[in-house]
Amino acid sequence: MNATDLKLYLVTHRYDDNEATFLAKIAAACENGVTMVQLREKMLSTRAYFELAQRVKLITDRYQIPLIIDDRVDICLAVDAAGVHIGDDELPVAMTRQLIGPDKVLGVSTKTVETAVAAVAAGADYLGVGAIFPTQTKANAPVTPIATLKAITAQVAVPVVAIGGVKEANLGTFKETGIAGVAIVSEIMQAPDIAHKVQALRTKLKAVLPNDR
């Protein structure tokens, strides 16, 4: 995969938005500089998830941004998304790779060096490490120390993104950590002005990511 796709990775969250507002937020983020979108829907039926994924993919395709589906291999394949992202309570990494084939992107959430190395060996294309900071979207998620993040980036040959409570104000924390990008939820999805927020994040990232110039 292209590691530059991971610079500013939007992970969606519906909050109380209706579908039109939700889609408009994704479109605004895509138009203004996010580089990848993950559709994460835990509560929808399979049919509703499929139909929403189709609508989101129309947006990401318009801006030529990869769409990743959280957890659901079936939805990923049904809408021909760029790939799927799985956590440690989903299908095993090797099985997921077998199901999606060699060409789709496979992202895996990890919290330790050991699980990171194992995920890469089993076929992960990139890793999401965190939660780095406390996060409202996963209130009980344990915090992963920056030292662990650095150790993971040093040990694996695939790109790593930091996730969990990432905000414009704490991006400086990630200097010299070796990450390829950051995954952000509420800082974008709940921003009063998404266009301005995404542009500000991209500007701030130029001082953080060594290859974002």
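Each Cβ is built from the backbone N, Cα and C atoms, and glycine gets one as well.
Swiss-Prot annotations:
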{"type": "BINDING", "residues": "GLN38, LEU39, ARG40, GLU41, LYS42, ASP70, SER109, LYS138", "note": "4-amino-2-methyl-5-(diphosphooxymethyl)pyrimidine binding site"}
{"type": "BINDING", "residues": "ASP71, GLU90", "note": "Mg(2+) binding site"}
Rounded inter-Cα distance in Å - ASP71 (Mg(2+) binding site), ARG40 (4-amino-2-methyl-5-(diphosphooxymethyl)pyrimidine binding site): 8
Among ARG40, LYS42, the most crowded of the binding-site residues [Cβ within 10 Å]: ARG40
Nonlocal residues around ASP70 (4-amino-2-methyl-5-(diphosphooxymethyl)pyrimidine binding site), in sequence order (Cβ under 8 Å, 6 or more apart): VAL11, GLN38, LEU39, ARG40, GLU41, VAL84, HIS85
DSSP state at GLU90 (Mg(2+) binding site), helix/strand/coil: coil
Most Cβ neighbours inside 10 Å, all chains, among the binding-site residues ASP71, GLU90, SER109: SER109
Where GLU41 (4-amino-2-methyl-5-(diphosphooxymethyl)pyrimidine binding site) falls in three-state DSSP terms: coil
For the binding-site residues GLN38, LEU39, GLU41, the one whose C-beta sees the most other C-beta atoms within 10 angstroms: LEU39
